[in-house]
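> Mind looking over this structure? Questions follow.
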């Protein structure tokens, strides 16, 4: 039934053709069940395991690798001789990597879809209904309830469907609907129509929503919606319809994969076409097909060389390390890619209750009467410190602590707070915190009594459990609570009837009253001044109400409660307590004692975090279900708004937002910093608008109502104390529910991205080098310098370790003083592409050069000519060009070993270059990142392992090297450092001046002291002797060029 909240009870019952006392007939139930189905949320049809596995192979890079593995496998199948076993190593290793990646991907996907299933925990199992087949109430399975059913609900029940209340059988009905609306206190319900058809859920005071809990009272109602038509069902549909966005990093890697695949395809085709003339060479037995297959194998090797196989593993490792660091800061990351997304967050949409505030109602101000003279009076105003339920804080007057027992008015005020109260404090030993037992408002009063300690109770030596209610217990020992007159909407107050535990002539029964100031003060005839009772005059009443109005509408927007006493109430037997309409008669002729002002206070550390966000160029938007006045007041206190800032176009209620045109709504999302009284649909709409501006949005939430927006935003952040639905729909969970933790996580995300950029570039330059190497050997007609299994080893192991270590680079000191990076900013800029292309070309040329050196100039090598080397495929005994040359020498493992050793060594030097994007190694020595030094040592040790430990040399088709050969490797490798230092110098001084923190604002002088400033002399002293020794030793290097 649409808009049931706007209809009268009679209209709703008439719509379903049902009587409240008898319920539906079995025939009606059958028809309604056929029409509306079961009252349950349908199970989400998840993807099958096969679908999830296939999905993991949709990535372009993965598909290219898979194709390369399949082709390698087919080629290995037809391999002959000794190479048969080693030929299978390459496809096997590639497939192993792909399977491992797929397993990780499937595991993450499985976790992600739990959010929709978690909604089922809010479905009650049973419900109590009236139906015509039985004369009394009957318990049935909640899934069998249909629209039109008459349902009975009482305290402790979970509401089984969306229900329009028809009658309330207790004084009041309170409902905890925080999971759905985010309201921090339980809501009082009534049966009157709410005429507004566009009312938000918070304002539908005559409706009960499926999955919410009855906090107090008993009532009956008619079911108006079941299953997916309930409010919680609509949230489920919204979550199902929400597609998960790919993170900026995933998008960048997708783009990179596309570009790389095109480049790889072009180079592979080019290599194959260049060598068409060699297809008929004698080495292939004169068979054109054999020659074509041989060069096709080289093209496949090229594809393997060009793809950074280690990149997914290194990225996963780096993100996993980042999650561990975040976990130490109380941010538990559920989705690895979201770690990096945090780094480019430009908007944080934060819930108010529990995130920006403590969600622990706290009395912060109170007043009692000091003096009264006719129509004028003066007040004693007090402030109270402490912003949690912990009974720690003090009462201050004019910023100085006071002893409360010195004020009679405060003693009576504390007595009312303790006795007119059904809540208590409890110390949770497991969590180590004080928690509320009962209502938030009443717990705040209990905590206030503990801070006041009006009877000067000795508190030292008490355990934390005993301390929780020590002062309240002293007051409760003095008077006994006989009965309670429950809160009702008409009088807006509640009271308790108390008698002294030790009767005497002076002590007598009293009624203590608390409630909304306008309701209580209108029924006060007197005011308490010290221990005396003075008549209430219009002037005094006006003064009291003006202070209360100021507290309620000022910068604090406090929730005020008036506290009063009835000194001479009727005796219990004279009261008619069966009818709650009589309660107001017994709460008249009251004496006003004082007033307390409370609020859900902002967390202490939030203001500094909001300031840090502003410095970092991140906009903070508060989105709350609370009312606008309270929301704006908290915004002012934490710095989202300035104290006197005009919030006309910067703060909206859900209703005001709905009334705007679509273009005005877009503009509102661009400028607003506060949305109050909102529903789940508003949150999702706000996220959509922000995403249309290319903003990267982090959304916080804890309730079921937050789940769709958490899932839709780039970063969904759930509270540790939140619902299971919110947690499973989000990428990150805050263990301490603290906004400041988000800011710390953003900082960590930025540092991770910077480091990730370094190792991605490092791996790419390595792959460029491998591609250039294979392309050069094919173009020059040289024997293979590197084979696929060697390239896999380099890409996965020897490159992977330093790349992972680069994730430990220390973050920049000014990382939170820069605006968020543009998510569309390329991973590699034009200059950096040129830089790494230049380095890559040197890596490739050096690798080919090392292999050529062994053939042409090395002692112990064949010393063939360049022509013979470039036409080695024509080598046979009867060819005069190869007279005296043993053709088997062209299959020697030495040149491959030289090429592989140069490639590994040069990559270690390149890792040192990647320590900083633009800073010189002379100023930032390797030990700035000790993990990098360790990983380089480990990579070189692994290289020695495959060189010198049998049978590894056989698998990798390499052989041990002697000292001269190692010196040659170093001679060829070390210049890459000089080359990158030159490119860094150009970047620092001509292309990106001022980007480095160390860069001086003025042009540096050319004096020797200025040039040597900041140089790490220990590094210079360490490296210089090595360089001199390497380059002073003769290795026949020049013979290669003069032969």
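These residue numbers are counts, starting from 1, taken along the chain as shown.
Positions of Cβ are set from backbone N, Cα and C atoms, glycine also.
Feature list, courtesy of Swiss-Prot:
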TRANSMEM  49-69  transmembrane segment
TRANSMEM  90-110  transmembrane segment
TRANSMEM  254-273  transmembrane segment
TRANSMEM  296-313  transmembrane segment
BINDING   304, 305, 307, 309, 795, 799  Ca(2+) 1 binding site
TRANSMEM  757-776  transmembrane segment
BINDING   767, 770, 798, 799, 907  Ca(2+) 2 binding site
TRANSMEM  787-807  transmembrane segment
TRANSMEM  828-850  transmembrane segment
DISULFID  875-887  disulfide bond
TRANSMEM  897-916  transmembrane segment
TRANSMEM  930-948  transmembrane segment
TRANSMEM  964-984  transmembrane segment
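Could you give the neighbours, burial and distances for every feature on this list?
Look at residue 799 (Ca(2+) 1 binding site): DSSP puts it in coil.
The list of residues near the transmembrane segment (828-850) in space but at least 6 beyond its ends in sequence, with Cβ under 8 angstroms from a Cβ of it, reads 761, 764-773, 775-777, 780, 782, 785-786, 895, 898-899, 901-903, 906-907, 910, 913, 968-969, 972-973, 975-976, 979-980, 983, 987, 991, 1040.
According to its DSSP assignment, residue 875 (disulfide bond) is coil.
Packing against the transmembrane segment (897-916) from elsewhere in the chain are residues 758-759, 761-762, 765-766, 769-770, 773, 785-786, 790, 794, 798-799, 802-803, 805-806, 809, 839, 843, 846-851, 853-854, 924, 926, 928-929, 932, 935-936, 939-940, 943, 947, 956, 958-961, 965-966, 968-970, 972-974, 976-977, 980-981, 984: each is 6 or more residues past its ends and has a CB under 8 Å from a CB in it.
Note on the transmembrane segment (964-984): residues 835, 838-839, 842-843, 846, 849-850, 853-854, 858-859, 894, 897-898, 901-902, 905-906, 908-910, 912-913, 918-922, 1027, 1030-1031, 1033, 1035, 1037 of its chain, located 6 or more positions outside it, place their CB under 8 angstroms from a CB of the stretch.
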> Quick one: find which recorded stretch in 49-69, 787-807, 930-948 has the most Cβ pairs under 8 Å with the transmembrane segment (757-776).
787-807
> With an 8 Å cut-off on Cβ distance to the 767, 770, 798, 799, 907 Cβ center, who else from the chain surrounds the Ca(2+) 2 site?
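Along the chain, the qualifying residues are 763, 766, 769, 791, 794, 795, 903, 904.
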> Using a 10 Å cut-off on CB atoms, tell me which of the binding-site residues 770, 799, 907 is the least crowded.
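Comparing Cβ neighbour counts within 10 Å for the binding-site residues 770, 799, 907 gives 907.
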> Taking a Cβ cut-off under 8 Å, which residues six or more beyond the ends of the transmembrane segment (787-807) line up next to it in the same chain?
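Beyond its ends, the transmembrane segment (787-807) has Cβ neighbours at 72, 86, 89-90, 93-94, 97, 300-301, 304-305, 307-310, 313-314, 317-318, 321-322, 752, 755-756, 758-759, 762-763, 766-767, 770, 896, 900, 903-904, 907-908, 911, 914-915, 929, 931-932, 934-936, 938-939, 942-943, 946, 955-958.
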> For the transmembrane segment (930-948), give me same-chain residues lying six or more residues beyond its boundaries with a C-beta closer than 8 angstroms to one of its C-beta atoms, as numbers and ranges.
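For the transmembrane segment (930-948), the list is 793, 797-799, 801-802, 804-806, 808-809, 897, 900-901, 904-905, 907-908, 911-912, 915, 955-956, 958-961.
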> What does DSSP call residue 307 (Ca(2+) 1 binding site) in the simple three-state scheme?
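Residue 307 (Ca(2+) 1 binding site) sits in coil per DSSP, no helix or strand.
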> What does the structure give for the C-alpha distance between residue 875 (disulfide bond) and residue 770 (Ca(2+) 2 binding site)? Integer Å is fine.
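Here the two Cα atoms are 27 Å apart.
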> How big is the Cα-to-Cα gap, in Å, between residue 767 (Ca(2+) 2 binding site) and residue 799 (Ca(2+) 1 binding site)?
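Cα of residue 767 (Ca(2+) 2 binding site) to Cα of residue 799 (Ca(2+) 1 binding site) measures 10 Å after rounding.
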> Measuring Cα to Cα, how many angstrom lie between residue 795 (Ca(2+) 1 binding site) and residue 770 (Ca(2+) 2 binding site)?
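Cα-Cα, rounded: 10 Å.
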> Restricting the comparison to the recorded positions 307, 799, 887, which residue's C-alpha is spatially nearest the C-alpha of residue 770 (Ca(2+) 2 binding site)?
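If we rank 307, 799, 887 by Cα distance to residue 770 (Ca(2+) 2 binding site), first place goes to 307.
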> Using all protein chains in view, find how many other C-beta atoms are within 10 Å of the C-beta of residue 767 (Ca(2+) 2 binding site).
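I get 26 for this one.
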